[in-house]
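Feature annotation from TrEMBL assigns ATP binding site to 29, 30, 31, 32, 33, 34.
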């Protein structure tokens, strides 16, 4: 239902051009394993204007209803309909979040929040819906490719988990659809990866791509490497009060920790490999979009080599991979735009 085409300051123009005609007001949210964001959106003919975005630490709340109730109490907002992007599979407007003990249910939310209509959609599907609302400055190009912007596309997003979605091109527009490809089997290709795989299999049983390509995945890789090489004293002290993945990425960028440098090199290589796998499966000549919180914070590392080397490394199909554009989504508002556009089109 959409065509991925961004234009300068698209959002501001949309806000100014909504006018006073038929405007839908929708409560929209993005339910993530780390944080949940909520705002009010106004939509007119698929143009979206967002209000102030409120952010909440997901794990500080017992359920999603309490987050929405807090938002409504803080803002005094009123609305009759809502759409929420969920980090997890959505079936019949119900979901069990993958990295949170929450079970959002659209019908239950309608009753609890006194809303006439609530829709749920997967967060990566929501990003797909939101791409056309992004401005040029909301995207960073890792690799320009050689293919036109038409054709299938896909989104691969490493953050708290590893989300994936496809965008089917019907000849005139894109149709986003959710997948749970991040939970597919991770396959090691050398001795270092095999050691990582064995460590994770002992800990988790099933070893998915999400176990290695995500924030917790960075911590998992570092744990495996540190078990062989040890860690400096400052690292143990710093990770007492900071996220391990954040410390590893920062130390690697500063060149002050060999184990962290090795961890990020392997993480980026695995991220590139799985993004390439997704591109092949979707025949994504229309482009690969990297979402999630990790890519925007590590742009220079993504451009440095391991990611793109692994992305292109597909044997006989390497020339095809070199035709595919790769871009990073810089704006965290994409799922909010997408939830609004999805609801307006429903």
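Glycine too: its Cβ is placed from the backbone N, Cα and C atoms.
Cβ-based crowding with a 10 Å cutoff singles out 30 as the top-ranked of the binding-site residues 30, 33, 34. Counted within 10 Å of its Cβ, the other Cβ atoms near residue 31 (ATP binding site) come to 25, all protein chains included. Other than 29, 30, 31, 32, 33, 34, the residues of this chain whose Cβ falls within 8 Å of the Cβ centroid of the ATP site are, in sequence order, 35, 36, 37, 58, 85, 86, 87, 100, 123.
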